[in-house]
Structure formats: structure tokens, C-alpha cells
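Peer 1: Take a look at the following structure, please.
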Amino acid sequence: MMRLRGSGMLRDLLLRSPAGVSATLRRAQPLVTLCRRPRGGGRPAAGPAAAARLHPWWGGGGWPAEPLARGLSSSPSEILQELGKGSTHPQPGVSPPAAPAAPGPKDGPGETDAFGNSEGKELVASGENKIKQGLLPSLEDLLFYTIAEGQEKIPVHKFITALKSTGLRTSDPRLKECMDMLRLTLQTTSDGVMLDKDLFKKCVQSNIVLLTQAFRRKFVIPDFMSFTSHIDELYESAKKQSGGKVADYIPQLAKFSPDLWGVSVCTVDGQRHSTGDTKVPFCLQSCVKPLKYAIAVNDLGTEYVHRYVGKEPSGLRFNKLFLNEDDKPHNPMVNAGAIVVTSLIKQGVNNAEKFDYVMQFLNKMAGNEYVGFSNATFQSERESGDRNFAIGYYLKEKKCFPEGTDMVGILDFYFQLCSIEVTCESASVMAATLANGGFCPITGERVLSPEAVRNTLSLMHSCGMYDFSGQFAFHVGLPAKSGVAGGILLVVPNVMGMMCWSPPLDKMGNSVKGIHFCHDLVSLCNFHNYDNLRHFAKKLDPRREGGDQRVKSVINLLFAAYTGDVSALRRFALSAMDMEQRDYDSRTALHVAAAEGHVEVVKFLLEACKVNPFPKDRWNNTPMDEALHFGHHDVFKILQEYQVQYTPQGDSDNGKENQTVHKNLDGLL
């Protein structure tokens with residue numbers, strides 16, 4: 001089954017014509033098909049009769065209960081205030097096209113579906129027809145039952161708490177329609193803090209694909225709550241670090257308290273976490289160097305940019321008046337290289353237009369979160385920038401600038417870019433855009449080319465931490481860039497971006513707490529560029545469920561079958577768990593349910609999850625043998641009848657996980 005990673009698939013669909021979208025969706029897996037609205041209008045939903053029949057299976061249990069999110073109340077006024085945070089983002093959320101799609105071309109006789117088999121087309125068409133007839137539940141129904149835990153209504157605060165436990169925020173632009181509808185519902189209904197199924201479906205239908213991904217734990221960090229607890233522990237450990245000195249060469253930097261300390265995380269799927277002083281604005285300073293280099297390469301290409309600047313670490317202080325053997329700055333991360341890169345951006349226009357252009361670019365990278373400007377810092381930098389003026393004149397004498405460049409004007413622009421303000425939260429989204437191949441994770445917009453991202457990360461890895469770059473690459477092994485304001489922009493490629501900020505600096509000019517945090521992070525998690533992902537078992541890998549989790553999943557599955565907890569089994573199936581997992585005696589959940597005589601569990605496993613009714617344990621006993629041995633004749637009869645209908649599924653090239661998702665979700669739907 002295709003995995004919906006981020007919003008790439010939706011972006012692709014939205015760029016196509018209606019006919020193209022229809023053809024694509026009909027060839028896709030049922031998960032995507034069910035997100036479409038019927039051609040006759042309305043939305044896919046189970047009819048009342050079907051809902052009544054399905055309620056014993058779908059109605060109980062659901063998403064695990066979580067404590068209320070920080071600062072979240074169940075009162076209507078405070079929930080409205082919480083939901084109101086999403087209204088500041090002008091970017092609309094990514095959602096499936098609402099217009100009816102035109103019929104696409106028919107599949108040829110030799111075509112296969114998204115699962116690599118020719119039966120997928122019939123499954124999709126059959127599922128689509130049944131949904132139109134109200135015989136099967138929609139994804140919105142499944143999501144409702146997942147969260148409701150057997151209740152007829154969902155408290156709004158419970159939905160928001162469950163949403164936050166996945167790492168998504170109510171302010172996420174991709175959830176704008178959902179949050180707007182929730183806000184409207186709270187204002188217009190008498191029972192504003194409770195959502196029945198119809199109201200819930202109305203609220204989530206525009207963003208159902210993203211929400212389904214979130215609640216099925218299909219984001220890059222599946223267990224985000226556990227991961228953030230580790231981040232908080234590392235934060236507290238680094239907070240104890242003393243020493244270092246706040247930069248004081250200009251008064252605007254010296255005014256910051258040495259006790260300020262914040263860490264923000266944003267994954268490539270838009271999962272967010274912040275701890276500490278993450279909303280305090282500070283200047284990017286040298287952290288802007290990789291960003292403006294990325295802009296230059298994105299606009300002009302690698303070959304043109306590197307006519308003027310090299311790619312090698314200099315081995316010297318970042319502000320030395322020194323060029324390489326070709327009379328070019330060594331790299332874009334030293335002051336000389338950054339000044340030259342600044343001269344390449346939007347040549348031929350005045351500084352005001354250049355500055356607006358870069359600000360708009362950085363706003364896109366930050367997903368329209370806070371990006372500001374400190375005029376006081378700019379004025380102070382210009383007044384105390386004698387060394388940078390000396391570097392500028394040296395570069396001019398060596399003809400390092402493009403022809404016709406106004407060197408003094410370029411230095412003004414350079415000081416302006418150093419004075420751009422961010423918060424830890426907005427800068428973490430910028431870092432996540434670099435981690436995500438140039439796509440902003442919270443808007444889905446492509447901001448940078450893959451070439452620009454690759455080159456930027458390479459230079460951050462080798463030259464980003466001043467004179468500490470070699471040691472940082474050795475010990476931490478991740479692309480990063482530090483600044484004199486105390487920030488460290490850290491990128492874990494294909495996983496997440498982070499901003500660590502604490503003003504006290506070590507003798508190399510890097511944040512003391514930030515360096516300590518980065519070391520601890522890589523000691524705990526296998527994020528180092530050269531950690532062996534397959535054999536390095538001593539480190540935590542937040543990107544996948546570990547061995548302990550797999551053991552727990554078998555225990556939880558068999559225990560739910562033993563106790564007859566259909567609600568838990570439904571939740572496991574929705575999370576794409578393998579419902580045919582075996583214990584050390586090769587016994588499955590169906591063995592246990594048959595031995596205990598749980599009719600509803602047996603029906604659920606057979607009819608909804610489509611498990612194999614013939615599995616044999618270590619003693620060659622099948623579930624039918626278990627039912628007969630313990631005298632559960634009703635279960636024996638069900639198994640006997642189902643064996644006639646069962647068709648074994650062969651192996652496919654898509655892997656066991658895709659088969660599991662196909663069986664579970666397609667069976668559930």
C-alpha cells in the first residue's frame with residue numbers, strides 16, 4: 001500500500017486536472033479512494049442501519065487516553081482561544097479537491113493497482129460502491145470511533161489533546177479548515193464543547209488524509225510523546241551547564257540574560273515540540289549564512305555561485321582577511337564568503353528590494369511564522385563593523401565581487417541580513433525545510449531546490465561551527481550552523497530540524513548549552529551521520545518502533561483477544577498492526593479468541609481483518625481445534641463457514657508492511 005508521507009501526494013493531485021485526479025485516485029489504494037466525495041455530492045458515510053450494525057465493533061475503545069495538553073481547558077471560551085491560534089496563518093491547509101471528478105480512462109487488462117496486483121481495481125470499485133450505498137464506514141467514521149472510545153460524542157478538548165499527542169498543532173496551516181470549522185461549531189452550537197459523529201465528520205473531512213496519517217502513527221517519529229520526553233530530559237541536563245560569556249561587542253547582544261535557554265523541534269511531517277524560552281526573538285547573525293547561500297544557489301545554480309566562493313574549510317578564524325589560492329573566499333560560512341554570496345543575490349536591484357526578497361524567502365521557509373528585523377542591531381553592526389569593512393575592501397581589491405558591485409551597499413545589506421530576527425520555533429521550521437529537501441513541512445510548499453539543499457547541508461556539515469567545525473562533525477555528525485547571538489541551527493536530514501538558543505558562548509563562539517544538548521542528543525539517538533542504523537542497538541531510533549515495542553504489540557494483541565476487547569483490536573488494526581502476529585508458541589490472536597469463545601472477536605478478526613483461519617501453533621492446532629476442544633461450538637461453526645470463503649493471499653513485492661496495511665485498512669473499510 002502506498003504510504004502517504006507528508007503532503008507530497010496531495011500536492012501532486014492538486015496540480016492535476018480533475019480528470020487526471022479521478023484517474024489517479026481510482027488506481028490508488030482504498031485509503032485514498034475513500035477520501036473522495038461521491039460524484040453525486042455529499043461525503044462518504046455509513047448509513048444509520050450500517051452504523052447500528054457496525055457499532056458493536058467500531059463503537060467501543062479508541063485512541064489511548066492522554067492527559068490534557070498543557071494549558072488546554074475543557075471550557076468553551078478557552079478552547080476557542082486555543083483554536084484561534086490557527087487563524088494567524090494565511091496559508092490554507094492542504095486538503096483533497098472538493099469538486100466532483102470526471103470519469104477517467106478504464107484500466108487495461110494488464111494493469112495493476114497500487115499494491116502490485118490486478119485485483120486492486122475491483123476492490124477499489126467495490127469499496128466505492130458500498131460507501132455510496134451506505135454499507136461501509138468512511139475514514140471520518142473510523143477516526144471518530146478511534147477517538148470516541150465507545151461514546152456517542154467526543155469532547156472537543158479530547159480531540160485536541162489526542163491531536164497534540166501526535167505532534168500536530170492547532171495552528172498548523174494544513175489543518176486550517178478543520179480548526180476553522182471547530183471554531184465555528186463552538187460558537188454556533190448549544191452543546192459547543194461536545195461533537196457528535198456528524199459534527200465531527202463535518203469538521204475533519206477537509207483534512208482527513210493528514211489526520212488519518214497522524215492517528216495511524218505514520219509520521220517520521222511514530223511515538224512522538226516518548227521522543228519529546230527525551231528532548232525535555234536533554235533540555236534539563238543542558239540547562240545545568242554554566243560558563244560561557246554573552247557576546248558584548250554591541251549592546252543589543254549584551255542585553256540578553258545568560259539564563260535564557262530554548263529548544264524547538266519540527267519534523268519533516270510537521271510534528272512540533274518546544275521547551276524553554278522559544279518565543280523570545282533573537283537575531284540570526286551567522287545562522288543566516290547557510291540560508292542566504294541556499295537562496296543564491298536556488299536562484300543562480302551551483303556552478304555560478306562557486307565561481308566566486310570556494311567549498312573548503314579554511315582552518316582559520318571566521319573573520320580573517322584571507323583568501324584561497326584562487327583568490328576566492330574559502331567557503332560561504334566565513335565572513336568573506338558570506339559577503340561575496342550577499343553580493344550575488346538579486347543583482348541590479350536596490351537594497352530595499354533585495355531585503356524584501358530575502359525576507360519573503362525566509363518567511364516561506366518558516367511557514368509564515370515569526371521572521372522580523374532588529375533595526376537597532378543593524379545600526380550597531382554597521383557602526384562597529386570595521387573588520388567587515390576591511391574584508392570588503394580586500395575583496396574589492398582582489399576583484400572577488402561581480403562586476404559593477406557597490407561594495408559599501410553590499411556591506412549594508414550584509415549587516416541587514418545578520419539583523420533578521422527569529423524565534424526558536426520559527427527557526428526550527430526553517431531547519432526542517434532543509435531537512436525535508438526544500439519543502440516547508442507545515443505548508444507543503446517547495447521553497448528550495450534539491451541542489452540548493454544538498455549543497456547547503458554539505459557546507460554546514462564541514463564549515464558551520466566556526467573553529468569547532470571539525471570536532472562537531474566528528475562528535476555530532478550533523479549539519480549545523482551557529483551564530484554569535486547564541487543560536488545553533490541543527491538539521492537531521494529526512495527527519496527534523498532544530499533550533500537551540502542560549503546566549504552564553506564558549507571561546508569558539510558557540511552556545512555552551514547548545515553544544516552540550518547536541519552532544520547528548522546524538523549520544524541518545526542514532527542521528528549521527530555515520531551511526532549504523534541496522535546494527536547499532538545501543539542507541540534509540542525514534543524513527544521506528546524498537547524490539548521492545550514489537551514484543552509489547554504481540555502481548556497487547558493477544559491480551560485483547562483473551563479479554564474479548566474488540567475496541568482495542570479495532571484500534572490496533574487501524575494502526576496497521578499485523579493482526580496475524582504470533583507468540584513464542586506460534587499462537588495467534590485467533591487461536592486465543594477461539595479458545596476463550598469470544599464470538600465477536602473471532603468475527604472481527606475474520607471478517608474485518610481477513611486473517612488466515614488456518615494458522616497452526618507449535619502443536620499443530622488450528623483455531624478450529626481450539627474451539628472444538630473447549631466446547632465453543634458457535635465459534636467452531638463460524639470458523640468452519642469462513643474457511644469456505646477464505647482465499648490465501650500470496651506474497652507481493654511491496655513487502656509485509658504494505659500487505660498488512662492493505663489487509664487491515666481495506667478489510668476495516
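Cβ from N, Cα, C; glycine included.
What Swiss-Prot shows for this protein is this:
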type     : residues                                 : note
BINDING  : S286, N335, E381, N388, Y414, Y466, V484 : substrate binding site
COMPBIAS : 93-103                                   : compositional bias 'Pro residues'
COMPBIAS : 653-669                                  : compositional bias 'Basic and acidic residues'
MOD_RES  : K311                                     : N6-acetyllysine
REGION   : 68-118                                   : region 'Disordered'
REGION   : 315-322                                  : region 'Highly mobile activation loop'
REGION   : 647-669                                  : region 'Disordered'
TRANSIT  : 1-54                                     : transit peptide
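Tell me about the setting of these features in this model.
Peer 2: Within its own chain, K311 (N6-acetyllysine) has N331, S458, L459 as residues 6 or more apart in sequence whose C-beta sits under 8 angstroms from its own.
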Peer 1: According to DSSP, which of helix, strand or coil covers N335 (substrate binding site)?
Peer 2: helix
Peer 1: Give the number of CB atoms, excluding that of E381 (substrate binding site) itself, located within 10 Å of its CB.
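Peer 2: The answer is 24.
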